[in-house]
Amino acid sequence: MIKIIYLIVLLVLLFKNNHIIIKADDCPFPQIPIKTLSGTWYDDPDHASCGFEKLTGPLGPGNRLVVALGSKLFDKGANCGQCYDVTSPFNNKTITVMATDSCHDAGYCQADNHFDFYKEAFDLLGSPSGVISGNSGLSYIKVPCPTYGNVKIMMKDGSNEFWTSFLIFNSRILIKQVSIKLSNSQQFIDLNRQPQGNYWPSTNMVSGEFEVRIESIGGEFIYVKIPSIESRKIYDTGNQFSADGCVGNKYDPYAPFQITSNSNNILPPSLYIIFLISILFLIINNIFSNKY
């Protein structure tokens, strides 16, 4: 009985007020090559609907290998920030591009699988013409984005103590949900993504510190506490979502993200935690066996 009590106390001390570091072992999205990609090009990438502004600015991907997705792929902004490996049938090169905009051409952009490439990216494909048909052999596959550093969050222009809107960027994989816990509440409230965009507005803000919970499409969570609302203020979350199991870009498999103990959706502890608990139990059992 005493051993059981000691074990319970040990578990409480282990998990109370600590972060559980885990990582996903499977790629969080299907990686199925699509070989019916059509393509066109455009020449103004810095005024895109996903909100990343200048591509080489503080919110952008840091390069100009970007695409505007056809309306079906764009999916009202749900695929903002998704990266793709595109393989050309003309020179067999593969380039990695990020979706930063929606394609607005009423003709080409209505195709099921259409990329409107920024000119610099399009030129790398070696196409003999400015339009690539869907039966040319041009193909793509979803991949994690080749980002560096952590997921970041910014509050939109015009944010104030009553209203703000969050842009989540520099993530390896897509964001599924953003939630907020205000200073006068103990519960997280899910936000709705802005239609046709990449911002998550909140219209019921109050003064004081609040917490943002970011969920990836892989079911991982990142938490960040923000002291107050400040227009265009950028916060580094200190963590990055994992992309283990994906083909394409390779990342540090030990890059951590955090799921805090007060989450509404706690995932199972990692094998490391289970192993640690087992070792500690054996130590306690050995101590009491020798003593009694």
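The first residue you see is number 1, and the count goes up from there.
Quick reminder: no glycine exception, Cβ is built from N, Cα and C everywhere.
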As recorded in Swiss-Prot, which of CYS27, CYS80 forms the disulphide with CYS50:
CYS80
Swiss-Prot annotation, disulfide partner of CYS145 among CYS83, CYS103, CYS109:
CYS83
Tell me, by DSSP, whether ASN92 (N-linked glycosylation site) is helix, strand or coil?
coil
Averaged over the domain 'Expansin-like EG45' (47-150), what pLDDT does the predicted model reach?
95
Fill in the CA-CA distance, CYS80 (disulfide bond) to CYS145 (disulfide bond), as an integer in Å.
12
Between CYS50 (disulfide bond) and CYS145 (disulfide bond), how many Å separate their Cα atoms?
15
Given the disulfide-bonded residues CYS50, CYS80, CYS83, which one's Cβ is surrounded by the fewest other Cβ atoms within 10 Å?
CYS83
Cβ atoms within 10 Å, counted per site: which of ASN92, CYS145 has the most, among these recorded positions?
CYS145
